[in-house]
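What Swiss-Prot says about this protein:
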type    : residues : note
MOD_RES : Lys222   : N6-(pyridoxal phosphate)lysine
Amino acid sequence: MKIKPQIIGLPPYKPGKPMEDVKRELGLETVVKLASNENPFGASPKVAEAIQEALHHTAIYPDGYARTLRDKVAHYVGVAPEELIFGNGSDEVIQILCRAFLNEQTNTVMAEPTFSQYKLNAVIEGAELREVPLKDGVHDLDGMLEVIDENTRIVWVCNPNNPTGTYVSAEAFQSFLAKVPEDVLVVSDEAYVEYVTADDYPDTVPMIRTYKNLVVLRTFSKVFGLAALRIGYGVANQALIEKIEPVRPPFNNSTFSQVAAVAALEDEAFVQSSVEKNNEGMEQLTEWCSRMGLDYFPSQTNFLLIHVNRSSDDVFNAMLKKGYIIRSGRALGYPAWIRITIGSKEQNDGCLAALADVLAEELTTQHLS
């Protein structure tokens, strides 16, 4: 058997250990996970009710076109139903775009570091990667423009960016979009858009009317609290959606994910409460960092990337022993930084107290700048 050469040696995705495994291995009664940017307040109670009702229909294939959800999302974002494509998480929409546009003769442009799935899917399709380093944690749009050529097919803008939490302003994004060739796809990945508070964040969805090469990605995994159900979507002009729709696998969104997403959209109060609590938690973390003299990237998301000035792996392991799962920055391109998801006030209090203890200890590691 001959596998694609670019897949040989490609490491599989390695999820973090389940909390139950961590409890057992370290002898802990409780473990708090603040590593994957999930909603610490869960999902709307209406979601559980919708799933309970859907249990009566497990023998029937889901609606392959997600009609009810499609209409609900179309109203939510202000587009026509035909301007949407749904995926098993926005990860799958990324995969669909890469399958549709990339091959061995093409290249794709992205920031470095940014969300890992752009790179992974491009490698699988055999495309050349053109990674442009961030400037002060923010996309270098001018640098990205410079590396676009006749073989470029997709440019990725993670906005706000993961792992830094920083964002590209409306003025900068629109100027960038106007300069990208019309035959190059621009993907604005907005997984954290509901958390954004910046007044000058771009309103990208209306831009699909002007820019036929723009795709906007959104997800239900973050503020809506549906990470376990895997549902996301892309927004683009109808002609583009029609071109990529054949690449989408059939029945890729389960009945449960569809009814859950509809229910989540209907509970605006839950979303608003989650956003308000996140804002309070973000203020709690940033004020703590300032008191501790720790640098961080100003974030428009539900996580904060913090400079701890030492091996992030060591800090991660020390925090794990105290019952807190955070994210080491080593795999994210920041070996002396850690990423912490904003939790509830109680979770934040405990995590910050544990982190203060860890940073006060003499870690037998080489300090990194």
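Please read every residue number as a count from 1 along the shown chain.
Using the three backbone atoms N, Cα and C, a Cβ is placed for every residue, glycine included.
According to its DSSP assignment, Lys222 (N6-(pyridoxal phosphate)lysine) is coil. Close to Lys222 (N6-(pyridoxal phosphate)lysine) in the fold, though at least 6 residues off in sequence, lie Asn37, Glu38, Asn39, Ala191, Tyr192, Glu194, Tyr195, Asn302, each with a CB less than 8 Å from its CB.
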